[in-house]
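Written out below as structure tokens is the structure these notes cover.
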Amino acid sequence: MTEQKGRYLFTSESVTEGHPDKMADQISDAVLDAILALDPRARVACETLLTTGLVVVTGEITTHAYVDIPNLVRDVVRDIGYTRAKYGFDGSTCGVMTAIDPQSPDIAQGVDVAIEVRGEVNEKELEIGAGDQGMMFGFACDETPELMPLPISLAHRLARRLAQVRKNGTLPYLRPDGKTQVTIEYEDGRPKRIDTIVISAQHDPDTTQEQIRKDVIDYVILDVVDRNLIDDRTRYFINPTGRFVVGGPQGDTGLTGRKIIVDTYGGYARHGGGAFSGKDPTKVDRSGAYAARWVAKNIVAAGLARKCEVQVAYAIGVAHPVSILVTTFGTGKLPDERLAQLVRETFDLRPGAIIRDLDLRRPIYRQVAAYGHFGRPDLDLPWERTDKVDLLREKAGI
């Protein structure tokens, strides 16, 4: 597999924190954080549904901690910005229902101690088994300083800016829901220019589309985007339907785990299918994907490749990965097989070791439930560290 040649377009999207699916992710991760703050070894799989006037929180949670979930939900909804009935949703008056069960004992017996050491007392904390089967992907490339693909990086920055100008009063007529999309023109695998930007921003009913278009270009797009990437052929579609008043959970039902491509690489890399939010780190859907990003980013930061995708796969109840694959699309300084060997020598990808090395039993998850889990220079995220660069270069002999 090599880099694509010639000229082509690639598009990624993001959504604001007020999008109903992202509201669900933030609520699920807020519940997770609140529990981990009191019980770091809790087992949490928290799912959220939002619709007009109602939030439903369900899932499997095993913990000795008590968390007031209804009040927590209301705090999250109000913090996002749904504070008035005229927005179609109000955190102070919406209904909140909870339906929580404990984790299945059949799953727990495989996670508590992996099959490799079941019946033994040997490095027990490191030898917890994977919480499920599955494959996860991590990716990094040199298109941005944070080693992320440019389309998703810009889409996230635009979405965050859209929320910022709403919250700080720069554009007071904006409401919480919104989406962004960026199309980049590439040539021989390198980004050259922005072809198209799409922004849909929920707004008050008495604001004209002309005003919204002008303000979004001036205060959102031009504040975020490198003007060297814009030319006279760049197209802007601002609220292209002509009106976006009804939004949030009133406009669409929100569900945890419905924005997995927004959460990762914007479709630029492959995805194993597992969502992140609401899951404690024994769930390899989350910790495995974070570790794969950590590995891929260190390979690129070490100068061993310009693009790197890492696949890791697990069996439920088994600690060691069943497979590790490194793909560098023809940009690697070493063969992909050799890089995979370096990964096995340098990184311990057992779930317990990932949890230890990345210190994942902490309440750090709600902050990444909107605007991306990866490539966040605004946050100090352990899976974004490039702490294995020197060791990788030494082992690679460069």
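The backbone N, Cα and C atoms fix where each Cβ goes, glycine too.
Per Swiss-Prot, ATP binding site is recorded for His19, Asp177, Gly178, Lys179, Arg243, Phe244, Asp252, Arg258, Lys259, Ala275, Lys279. Classification of Gly178 (ATP binding site) by DSSP places it within a strand. A C-beta separation below 8 Å, combined with a sequence spacing of at least six in one chain, links Gly178 (ATP binding site) to Val15, Thr16, Gly18, His19, Ala159, Leu162, Ala163, Ile199, Ser200, Ala201, Gln202, Gly247.
Taken from Swiss-Prot, the feature Mg(2+) binding site covers Asp21. Secondary structure at Asp21 (Mg(2+) binding site), taken from DSSP and collapsed to helix, strand or coil, is helix.
There are 21 other CB atoms within 10 A of the CB of Glu47 (K(+) binding site), with all protein chains counted. Mapped onto three states, the DSSP output places Glu47 (K(+) binding site) in strand. Among the features that Swiss-Prot reports, K(+) binding site is placed at Glu47.
The DSSP secondary structure for Asp252 (ATP binding site) is coil. For Asp252 (ATP binding site), the Cβ neighbour count at a 10 Å cut-off comes to 17, with all displayed protein chains included. Annotation source Swiss-Prot lists L-methionine binding site at Glu60, Gln103, Asp252, Lys283, citing sequence analysis.
According to Swiss-Prot, the feature region 'Flexible loop' maps to 103-113, an assignment based on sequence analysis.
Put simply, Glu47 is the one of the binding-site residues Asp21, Glu47, Asp252, Lys259 whose Cα lies nearest to the Cα of Glu60 (L-methionine binding site). In sequence order, Val15, His19, Asp21, Lys22, Asp25 are the residues of the chain that are 6 or more apart from Lys259 (ATP binding site) and have a CB within less than 8 Å of its CB. If you take every residue in the region 'Flexible loop' (103-113) and average the pLDDT, you get 55. Shown in sequence order, Gln209 are the residues of the chain, 6+ apart in sequence, with a C-beta less than 8 angstroms from the C-beta of Arg243 (ATP binding site).
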